[in-house]
Every structure is written in structure tokens, then in C-alpha cells.
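Right, one structure below, let's go through it.
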């Protein structure tokens, strides 16, 4: 059986680490405890967090015990990592609410009951111990172990000091609070490994140094890479903003479409980062995808697996059916209103009056599927226009109000792949 560290290396998930052979030796003696922190700086986690979440899952599947730490305290402070400006401070009640939501979001990924895995995951909130510290205790018991020179040398801090913005004492202290988390988890659970993104490396090593000074033991850190895109744009962002795990912020349909639209050049890396399939399964999938690139087998596998993980198999089935139906490969009438609304919002939706009913020519122009009425007439004459998957052959045809989907929508399609929606006004 492949050792977990070898699997992580094959997947490209180890960007930097402390002594891997020492970590391997610790893992070989029995299950270890590993943690990752998630700060509630927004009402939801986003797909950028999936690398760390799924790395915790891989450790649990290999028999180790994961701790998911939600930063109810650190979320009040703000991590300067990866930022050129100071974070806005959120109200404590808001942060507490976000922390609860994030705890719930982690449940589909980690087994907190022990029913699936031998080592049940643990959920903690660092406000539990940090919130009880007085300023004097913080400075005497924790702060005295940190040397300002070393803190200033951390790349995150150094970069901010070089900038016009600078760094506040609040954010400068963040690495001390994160280090305290590692120390507290070592004391409570004998946690010996912290994982995080490569932009967190300075914070990870600060925790290692604190534990060595206070407890006299050596612990470990493992940093995952920052996910990039071949086209140079930021991973996890769309024209509409971040891709969230919360279905109220990013619909399951939009979530699915994000992965379906993955650039062919990114698919092999993303499958290794995000899929729970093993090496043999992924290599077989990559070969199949390479033989028929047009079928987008890699994108479909990625989209279906991750949508199922995040939103459940039932919801994934709905969005797969809706996606097929929108492009003429399924029955539109069977798509539920909520799923259809999300799909059309993602595709592009315009509202039009139906008194009198709009002409298909005008709908094609209004939705942006063609640039002009003359182009719309040409598309219809050439047999390339569809309303609710029915071909339109009459250039003067109107959209029949009696055939609107759920009494509200019409799906307008040009050719095989250009789709938009029309919603009845009022």
C-alpha cells in the first residue's frame, strides 16, 4: 500500500515541509494527530479551501486523526498572509456566526463520529483558549518566546513593511496567535503536524519553534501549493466573484459549471489535488481523457465528484440533468424550478414582456446570443435557433407563453453550446 506521504508527493500537494523522513517515522509508529485552521473571514469557505480540507480527509482515510480548527479568535484579528492591505475587522457576533457556519460546512468532508474512519475528526474553536487570556498572560506566557527580529524576517511581514501600507501591531501579532493554537493542540491532543497553504509557511514554522522552546519536542509542518490556472487568472474566481461552498452564495449549478469549464491544461493537476480517486484510477482517467479530449471526461469527473462531495449526490444529479437539458441532451420540463433558475442565471438571463409575446429574433438579440436582428434571422434560416430545445424555422416566430417552463422561462439556444434564458416580466 502506498504511504500517504508518497501519495501526497505524487499529487503535487507538498510544496514545502519540515523533515519528511522524521514525519514518515512518526506516522509509521501509529496514527498521528494533524490540524489545519480555517479563519471565519467570510460567511462561507470557498473552493480555495478544498486543498486543505481534502488533505485533512486524506490523513483521516489513512488512519490518522484530523483536527479542524475554526479561528473564532484569529478571525477577529486578520491574517496578513497573501495580502497587501489590512483586513477590515468584523464585529465579534458576525465572526461567531460565520464560525458556526464553517464548522457545519466541514461535516461532509470529515468523519466526526468515527463511523467511517477509525479516528474521528475533532472540531475546535481557538476562541476557547485565546479568549480567556489576559493581556499580561499573553505577553508573559506566550510573547516572551518570540524574538522580534525573527518575526520581522518572516516574508509576509517583511513584504508588508516594504509596502506603503505597512503592517499594524494587530496583524503583526497574528503569527503568535497561530503558534499558540499549535501549542494548545499539542498539549490537548498531542497534535504533531500542522498543514496549510504555502503562504502560511512562516506561521507554520513559528508554531514549531514555540513548541520546541516550551515543550522541548520537535513537531512538523507541511505546506500545500497555491493552486494556479494555466491562463494566469486567479483560481477560484469567476466574473461573479469567489466560488463558495455555501449553496446560497454559489448555486450547485454554478459550482458544477466552474469545474466543467476547467481549462484542459489544468485538468491533470486539479484531479490530483481535488479528487479522492487513487493513483491507478486517475492515471486511467487521464489516458481515457487524452484519447477523446472533446468528451471532456476529466472535467466531468472532476465536476461530478466535487459537486457530490460539497452538495450531495442528489443535488449533483439535478445539476447534471439540468446541464444536459440546457444543451439539448435532456428533458427541460423535468428540471426543477430552483435548479433551472440557477442554471439560467449562470447562462445569462433577461426579462422580457409577453404582451404581446416577444419574437424569437428579438430574444436572440436581447440575450446577446447574436448581435443583430439580421444575424438572428440568418441563424433561424440556417436551422441553428432553438426555444426550449425545439428548433425554430420561422423568422417571425414568437415565444409561446403557454409553453414557458414552469410558466416563467424559455431557454434560448444558438447552435450546440450558446445558451441563455428569457424570463417573463411580471
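The first residue you see is number 1, and the count goes up from there.
The backbone N, Cα and C atoms fix where each Cβ goes, glycine too.
Bear in mind that the values here come from a model prediction, so they are computed numbers and not experimental data.
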Q: Could you tell me which of the ranges 234-238, 239-243, 244-248 is annotated in Swiss-Prot as motif ''KMSKS' region'?
A: 234-238
Q: Could you tell me which of the ranges 30-39, 40-49, 50-59, 60-69 is annotated in Swiss-Prot as motif ''HIGH' region'?
A: 40-49
Q.
Let's check the environment of residue 174 (L-tyrosine binding site): how many other CB atoms sit within 10 Å of its CB?
A. 24
Q | Inter-residue C-alpha distance, residue 174 (L-tyrosine binding site) and residue 237 (ATP binding site) (nearest angstrom) | A | 26
Q.
Counting across all protein chains present, how many other Cβ atoms fall within 10 Å of the Cβ of residue 35 (L-tyrosine binding site)?
A. 26
(Q) Using a Cβ cut-off under 8 Å, which residues of the same chain at least 6 positions beyond either end of the motif ''HIGH' region' (40-49) come close to it? (A) 70-72, 75, 78-79, 87, 90, 95, 97-99, 101-102, 105-106, 227, 235-236, 242-246, 249, 255, 258
Q) Taking the Cβ of residue 178 (L-tyrosine binding site) as the centre, how many other Cβ atoms fall within a 10 Å radius? A) 28
Q) Which residues in the same chain, at least 6 apart in sequence, have a Cβ under 8 Å from the Cβ of residue 237 (ATP binding site)? A) 243
